[in-house]
């Protein structure tokens, strides 16, 4: 078969691609390492309805399922995002990073997963497992690696090497069966290289290979994976299926079901399964539709990786499957599954001692010799078909190092750390570290960092609910959400089907906004609008002794705004006009309302969040210049540009320069220690301001005003900016200065100070109510 790829550049490229999907199980635990007995987090909805986040056997055993992707990078990003979403939504709990369980309660207290109805088939199946195998063994967790070759690759090979009168599906079945056969023979190598469950609590399992660790936990003396050993999660007795043909494979499983050995194909706990995408997953469905992908079930959770698996491990497994496709039939044992099982168990229980294996002729061969034989073949086909790919060769070299030096295996490293720290403490420390890493980047959707932060937030919240998300226009932050037959189109997180087009036009035009609000007795600042800069300049005498705001007529985010609270010159006024007219063809000059500016986020006639916005500022230290202080403050990892992070970097543009000049300062001025220097008069977070949550503290009086303003304009998702007087006695002197039809949500979700609000959830509730 190798020659087919050497002769065809297109097939060579396709060989190293594929379709990938991952399923990962983690147990939810309390902060002291005990099985969490809380229900599955409600935000994820019914398990039957969420395609991404379900439970495995136990209510406490969460399962994350990626969609099928076309690269290892993208499937890894999906898994990372799901892990982060689940971690952040599992309040006061952690995700246990090991395949072997945490501290467990009595068998009868381990909760089986709950479903919509007590007689759900999923519930009944789990009750069957609990009765047949016990609950504790069901809590062994791991990763399932789903893979299929590109259809174009199958087509190309079918044209070249199919048998006479062989249908394409029969050919496809034969190829996948061949890969599965290679996997079954050589899976011991995969367990040696990826196994990560050699340690466990003493009351969970006992084998003749046990040794006690200092904390009282147990370890396989030279073992690699309890989960993949005979003491792990296996069928009650060995089930050998016939890999010589697809029909024989189907017949084998059917016979075991008819004999009552297993209830259904779901209970066939083979390390690799042939599957199709039909949801019933019955043997009859597989027989009818044929093989569509392979499911590898023997991958342990790697406690040394926050995601439970590394990209290199994913890439190596892919190479392992490619090797199966390229293998010659003579390389495969003639259906000697018992020998393959013995090799698997031997490595799982004794792999670090590198015991001798049995080859197809039942002769002993060293682990190193057998492993290097396969790894060298992988290296050879990479060199032959993809010589420029040094990364893949490096992955193979890493596996060789583990083979030659057992102490470098994942299992050996885990055992060493557990011996040092203790079983529970090590895994808890890992879980806490991973949680801290997740929390530090909680605002982020991996792989969507180029999109606005508010878009990333609502996308993550949609995933949590099992809502399908399609990116329609990445540059425009335009998404489609689908839950069942319900479809919603959303742009920039808050432009939705609930918007009234005329309402948007009114809010876009600040003059119209003020007129309409004033007509409904809602207080707004008085002022004039100008479309001619010369006429606006001539009006200087009307404003020179007043506190004023100069701003563009139709912009958001505080761009182009200048505020004069103190005496200003004609030159200052002219510069403010220059700035405002650079953003719009018309500007507004209006009275300045004293007080503090607050953003009220109103969704469907309810104030969901209130934010106090502090203008962009720096605090002096008596040493550094204003410019240097700005540069230092901008190094905060939570500050970015273009709404990609919770806070915006402070700019050093004309608006900030003007603000400094109004204070008789420049960028080279050195403020005194603890002296606060404001770089902006307007307090928009979008221009570098700081955000402080005030939702609970805000007087309901002003919340009602915000709601009334949105009702006047028939705005359903709206940011209302209100100047609130500092003295309660003056509250009637408030004023609405702006209504925003596309309010940013990220500043409420991740404020500089105060409680984080789940605004994405609120918008999704509104859209899918």
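Every residue gets a Cβ built from N, Cα and C, even glycine.
The feature region 'Glutamate--cysteine ligase' is assigned by Swiss-Prot to 1-347. Look at Swiss-Prot and you will find 514-768 tagged as domain 'ATP-grasp', backed by sequence analysis. The ATP binding site annotation in Swiss-Prot covers 541-599. Residues or ranges marked as Mn(2+) 1 binding site by Swiss-Prot on the basis of sequence analysis: 721, 738. Residues annotated as Mg(2+) 1 binding site in Swiss-Prot: 721, 738. Marked as Mg(2+) 2 binding site by Swiss-Prot: 738, 740. Annotation source Swiss-Prot lists Mn(2+) 2 binding site at 738, 740.
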> When you tally the Cβ atoms that lie within 10 Å of each candidate's Cβ, which of the binding-site residues (549, 589) has the highest tally?
Replying inline: 589
>> Using a 10 Å radius around each Cβ and all protein chains in view, which of these binding-site residues has the most neighbours: 541, 740?
In response: 740
> Are any of 549, 565, 581 (the binding-site residues) within 10 Å of residue 740 (Mg(2+) 2 binding site) when you go C-alpha to C-alpha, and if so which?
Replying inline: none
> Whole-number Å distance between the CA of residue 581 (ATP binding site) and the CA of residue 738 (Mn(2+) 1 binding site)?
Replying inline: 18
> If you draw a 10 Å sphere around the Cβ of residue 738 (Mn(2+) 1 binding site), how many other Cβ atoms fall inside it, taking every protein chain shown into account?
Replying inline: 21
>> I'm trying to understand the geometry here, so how far is the Cα atom of residue 541 (ATP binding site) from the Cα atom of residue 721 (Mn(2+) 1 binding site), in Å to the nearest whole number?
In response: 29
> Long-range same-chain neighbours of residue 597 (ATP binding site), Cβ under 8 Å, sequence gap at least 6?
Replying inline: 612, 613, 682, 683, 721, 722, 723, 724, 737
>> Averaged over the domain 'ATP-grasp' (514-768), what pLDDT does the predicted model reach?
In response: 92
> Can you check what DSSP calls residue 565 (ATP binding site), collapsed to helix, strand or coil?
Replying inline: coil
> Between residue 738 (Mn(2+) 1 binding site) and residue 549 (ATP binding site), what C-alpha distance do you get in Å?
Replying inline: 12
> Once near-sequence residues are set aside, which residues in the chain of residue 573 (ATP binding site), 6 or more away, have Cβ atoms under 8 Å from its Cβ?
Replying inline: 537, 540, 543, 544, 550, 564
